[in-house]
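**Q** Not my notes, these are from Swiss-Prot:
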type    : residues                                                                   : note
BINDING : K25, R69, E111, Y124, Q192, P193, W194, P195, F196, P197, Q198, S199, A241 : substrate binding site
BINDING : C98, C101, C116, C119                                                      : Zn(2+) binding site
BINDING : A158, E178, E219                                                           : divalent metal cation 1 binding site
BINDING : E174, E178, E219                                                           : divalent metal cation 3 binding site
BINDING : E174                                                                       : divalent metal cation 2 binding site
DOMAIN  : 125-248                                                                    : domain 'Nudix hydrolase'
MOTIF   : 159-180                                                                    : motif 'Nudix box'
Amino acid sequence: MDRIIEKLDHGWWVVSHEQKLWLPKGELPYGEAANFDLVGQRALQIGEWQGEPVWLVQQQRRHDMGSVRQVIDLDVGLFQLAGRGVQLAEFYRSHKYCGYCGHEMYPSKTEWAMLCSHCRERYYPQIAPCIIVAIRRDDSILLAQHTRHRNGVHTVLAGFVEVGETLEQAVAREVMEESGIKVKNLRYVTSQPWPFPQSLMTAFMAEYDSGEIVIDPKELLEANWYRYDDLPLLPPPGTVARRLIEDTVAMCRAEYE
């Protein structure tokens, strides 16, 4: 339940509007509310980090509004809370009116939801399930440069799960669509909430089965097999993509060194 911010309130401040985050000096604000001109605003506590509250404030600032990507180097737990705040702020902003009857809605006091007092419909934040998979062939890993990555970063394959599809089917389909190959021996590794804009990444490792690389030019600039000790520029630490790549490299080292 949200409340009015008081002078001595302190903690981490996720000030967000339209999927942007307020980052004075390029950092997530931490300290007393008075130091950031937040007294009198409404805030919702969305978690705790190292014993300190993390607050969401739905507000646009004139300056220093940026992407949550800018704080990706934070500790994973704090980054995830910042992402939670950005997603919740957008959820509340985009669900002011009921999609069924058009009446104004109000936030629940017991959970992250919006309620319609007219037709009693209940809305929750949208979460888009995605798969991400590291594919190994002997001492090499399949890495691709995506069209959205113009900085030379190479990463593993990923994509959204479609309606009526299992996670395993999504892996097989996405890999075939983007690279033209088949995989086998799929193994679940971990998951990571990813606020771009509201994804839940479900991470797998797989082995190459058959086929030659034929990329989808709408998705990829290039894709290739890279030996574990000769890799291109990789995603930053803390991302699930980097975790998958490092796990694959560790497996290759154990087998080939």
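Backbone N, Cα and C atoms are what each Cβ position is placed from, and that goes for glycine too.
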**Q** Find the average pLDDT over the motif 'Nudix box' (159-180) in the predicted model and report it.
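**A** Mean pLDDT for the motif 'Nudix box' (159-180): 98.
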**Q** Around Q192 (substrate binding site), how many other C-beta atoms are within 10 angstroms of its C-beta?
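**A** Summing over all protein chains shown, Q192 (substrate binding site) has 20 other Cβ atoms within 10 Å.
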**Q** Counting other Cβ atoms within 10 Å, pick out the least crowded of the binding-site residues E111, E174, E178, E219.
**A** E111
**Q** From the Cα of C101 (Zn(2+) binding site) across to the Cα of Q192 (substrate binding site), what is the distance in angstrom?
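**A** Counting only the Cα atoms, the answer is 35 Å.
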**Q** So around the Zn(2+) site, C98, C101, C116, C119 aside, which residues have their CB within 8 A of the centroid of those CB atoms?
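**A** For the Zn(2+) site, the extra neighbours are G99, Y100, G102, H103, M105, S117, H118, R120, E121.
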**Q** Do any residues at least six apart in sequence from F196 (substrate binding site), in the same chain, have a Cβ closer than 8 Å to its Cβ, and if so which, in order?
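**A** Spatial neighbours, sequence-distant, of F196 (substrate binding site): V68, R69.
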**Q** Going by DSSP assignments with H, G and I as helix and E and B as strand, what are the residue counts for the domain 'Nudix hydrolase' (125-248)?
**A** 22 helix, 55 strand, 47 coil
**Q** Can you tell which of C116, A241 has the least company, meaning the fewest other C-beta atoms within 10 angstroms of its C-beta, among these binding-site residues?
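**A** Among the binding-site residues C116, A241, the sparsest Cβ neighbourhood within 10 Å belongs to C116.
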**Q** DSSP secondary structure for E111 (substrate binding site), reduced to helix/strand/coil, please.
**A** coil
**Q** Taking the mean position of the Cβ atoms of E174, E178, E219 as the divalent metal cation 3 site, which residues outside that list, in the same chain, have a Cβ no more than 8 Å away, listed in sequence order?
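**A** These residues sit around the divalent metal cation 3 site: L157, A158, G159, V175, E177, S179, D216, L220.
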**Q** In angstrom units, rounded to an integer, how far apart are the Cα atoms of E174 (divalent metal cation 3 binding site) and A158 (divalent metal cation 1 binding site)?
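**A** Checking the Cα atoms of E174 (divalent metal cation 3 binding site) and A158 (divalent metal cation 1 binding site) gives a distance of 7 Å.
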**Q** Whole-number Å distance between the CA of C119 (Zn(2+) binding site) and the CA of E111 (substrate binding site)?
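**A** Cα-Cα distance, C119 (Zn(2+) binding site) to E111 (substrate binding site): 19 Å.
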**Q** For E111 (substrate binding site) and E219 (divalent metal cation 1 binding site), what Cα-Cα distance in Å is obtained after rounding to a whole number?
**A** 37
**Q** Apart from A158, E178, E219, which residues in this chain have a Cβ no more than 8 Å from the mean position of the Cβ atoms of those residues at the divalent metal cation 1 site?
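**A** Output for this site, in sequence order: A144, H146, L157, G159, E174, E177, S179, D216, L220.
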